[in-house]
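Pulled from TrEMBL:
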- 43-115: domain 'Acyl-CoA dehydrogenase/oxidase N-terminal' (DOMAIN)
- 223-360: domain 'Acyl-CoA dehydrogenase/oxidase C-terminal' (DOMAIN)
Amino acid sequence: MDFTLTEAQQDLARLTAEVTGKLVTADRLRELDKNTDAAGNPTVRFDESLWNSLAETGVLAAALPETVGGSDFGVLEQTAILREIGKSVAPVPYLWSIVLGAGALARFGSQAQRELAARAATGEIILTTALSEERNWELAGPVTTAIAGDGWQLTGLKTTVPFARQAARILVSASVDGLPAVFLVDPSHASVRVEDQIVTDRSPEAEVEFAGTPAELVGTVDQGGEILNWLLERAWLGLAATQLGVVEKGLELVADYAREREQFNRKIGSFQAVAQRLADSYIDVQGVRLAVQQAAWRLAEGLPAAAEVHTAKYWAAEAGHRVAHTVVHVHGGVGIDRDHIVNQYFTAAKHNEFALGGATDHLRALGALLSDAAQ
């Protein structure tokens, strides 16, 4: 594979870093983490001003197809953007609204659904996906059901749906006579119950219940497995790319701290135990980077990438866990202070570690793929 970053990857990463560098500060993150703002209004961990800036600079639309107003870049460029979002722990739904929501509708949706994708590309609306279910570890086989009658109706419960309250539409995985399919739902419908959930990094996620909810089919039922697999692979890769940015910045922060912090009249980075942990973290970060790049490259080239995507998410979870804990441990007591910027990276890393399956889940999936290939 080619490990060289494309010119578009470098340009979009630079632009995203410029925007997030100006707007995502420790003070701003602390402000968003409060339950209410200075005026007493409820707050949520979503930076609308940052989202609008990413739309205005063209970052949101850049990697989408031209048919929905994009610049026709792809997976490689999206991972470059997500990496920078991870580096700044920017509280925006780029993965869920743009990569998955708008991307899936642009590729598989009807003309009306592609118009929703175009609106998402400008930041006018937010899209999201509902893929996780309670006690269902096989995301490719959703328990939520869809019945065809006078239109499609969904019944089921989805958990940890990102930005559910902010979304104009939700892409929902469901089963039709045992076959997977993907549907588009308006969460404001009376038959939809949305209940906020508290997650590790305090990002806005919710439990969403459908009770005979009207829904639009995305693509066809026969395409359902392909569409759901498309969503899952890009969701796993997107989380891994975001995690790459998180652990890269986390390692940078802890390395700087180890150079400055003194104990026993010496910089703590000079102690062998500390130096070894930082060296191990550097190796872990490089492992995540290479795994993400390989998976993204194979998807971009249209090659089978299931094993590579599971490998990337496994590394993001397993190595991400090790790096996140090293960052906190070396910082000592301040590392667990919620007001300290390091805590933002720790909680983001823990969220990305377990979202849509942890290390064990993806190792099992990878093992199943290897077993099937050997038969």
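Backbone N, Cα and C define each Cβ position, glycine as well.
Whatever TrEMBL says is automated annotation, not expert-curated.
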Confidence summary (mean pLDDT) of the domain 'Acyl-CoA dehydrogenase/oxidase N-terminal' (43-115): 97
Counts by DSSP class (helix H/G/I, strand E/B, coil) across the domain 'Acyl-CoA dehydrogenase/oxidase N-terminal' (43-115): 49 helix, 0 strand, 24 coil
